[in-house]
Each structure stands twice: as structure tokens, then as C-alpha cells.
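Asker: My questions will all concern the structure given below.
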């Protein structure tokens, strides 16, 4: 018996300025991170088939909070603050980076990190920093090269191979795929990846259900 995750049922739970204001550190969380213009909100909306689950800001750098969404019992998606926007004051940038690093290094229920980057400008310094933090904490990483529809097929494949080669040098579990919120490219693969990361929480749910059924 298996549980199918219905990502369209995902709903907003809470926002927090840092790890100390998040709910209890339990279940499984999968975090989404990316530069302010990487298309993170659009990717989350496409993943869940909801137009406004994650608010797409006209002004990059506005999302300063950690946003928590419930997918199903024991399974959560975390939308981390966008980083790397030039017009944000340095003090605020440093605060965000500290908050991001703290979350990636100390949150016990974090079991997967999705790093989104524009396929035309991949693997900037902060993107690589996020991946290094995850690897240090033994968290698997899924890199999504977003806005893949902006490149023709040949250029898209070449960029994918280049980033995959770079990802091999990180030394951790880092997978790289292309993604297009507009065309739906890579959406099914992303759902399949999240399914595997969420699987342990769903297994606990099944055990609890079977236990309560046998008790009856």
C-alpha cells in the first residue's frame, strides 16, 4: 500500500523571520531556495497547480521571511527568502544569509533542498554557498535550471551538461535538471523527487494507520 501525494492540496501555514519562530522541528521539510529572480514562486505555483500559492513579487528581494506550506500530514515545503538582489541594503543581505545558513545547518527535519537558478545565469556564488551548506549537513540537493524555455533545445542541453559537470565537483548528492514553469518542463520529475524525499514521513503515516486499524 502506498500514499499518493496530491501537491494541489498544499496550503500556507505560517511565515517566520528565522528558525526560532518556525513550528516544532518534526516531520519532513523540503526547502526551496534561489536568487530573487530565479522564478522560485512560479516554480512552486506550477508544482502545486495553484496560481497564487507563492506570491510572485514584482520587486525581487521582497520575500524576507521563511514561508511554510503543508503538503500533507508530516510533509512540508519551505520557501526560503530569495537572495542576491543588488538593491537590498547590505545589512539586510547579511541578515538573510545568516538566517538561511542557520536553517540549512540546524533544522533537523530538513531532508532535501531544491536550489533554483536561471538557466542563463547558473551557479552564482550564493547558489554554490547554499549547496555547500546542504552538503555539509548531508542533505541531498536538487538543482533546477529554471526558465529553460528561454533557450533552444541544443543550448539547453549544453547548459545542463555544463552545470551537471560542475555539480560533480561538490562531492555530495547533487542532481541537476531543467525546469520551465511556463511549459511544464521538469514538473513531473520534480514531483517524483519530492515523493522520494517525503516517503519516510508517509511510511510512518501508513504504520500509524495500520496500527490503529488492527487495534480496532
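Placement of Cβ uses the backbone N, Cα and C atoms for every residue, glycine included.
Sharing the features that Swiss-Prot gives for it:
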- 34-41, 61-65, 79-82, 146-149, 179-181: GTP binding site (BINDING)
- 41, 63: Mg(2+) binding site (BINDING)
- 26-200: domain 'EngB-type G' (DOMAIN)
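Show me how these features fit into the structure around them.
Answerer: Within the same chain, residues at least six positions away from residue 179 (GTP binding site) with a Cβ under 8 Å of its Cβ are 43, 116, 144, 145, 146, 148, 185, 186, 187, 190.
Residue 41 (Mg(2+) binding site) counts 22 other C-beta atoms within 10 Å of its own C-beta, drawing on all protein chains shown.
Per-residue confidence over the domain 'EngB-type G' (26-200) averages 91 (mean pLDDT, predicted model).
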Asker: At a 10 Å cut-off from the C-beta of residue 40 (GTP binding site), count the other C-beta atoms across all protein chains.
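Answerer: Other Cβ atoms found within 10 Å: 27.
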Asker: In which DSSP state, out of helix, strand and coil, do we find residue 147 (GTP binding site)?
Answerer: coil
Asker: How long is the line from the C-alpha of residue 65 (GTP binding site) to the C-alpha of residue 41 (Mg(2+) binding site), rounded to the nearest angstrom?
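Answerer: Here the two Cα atoms lie 13 Å apart.
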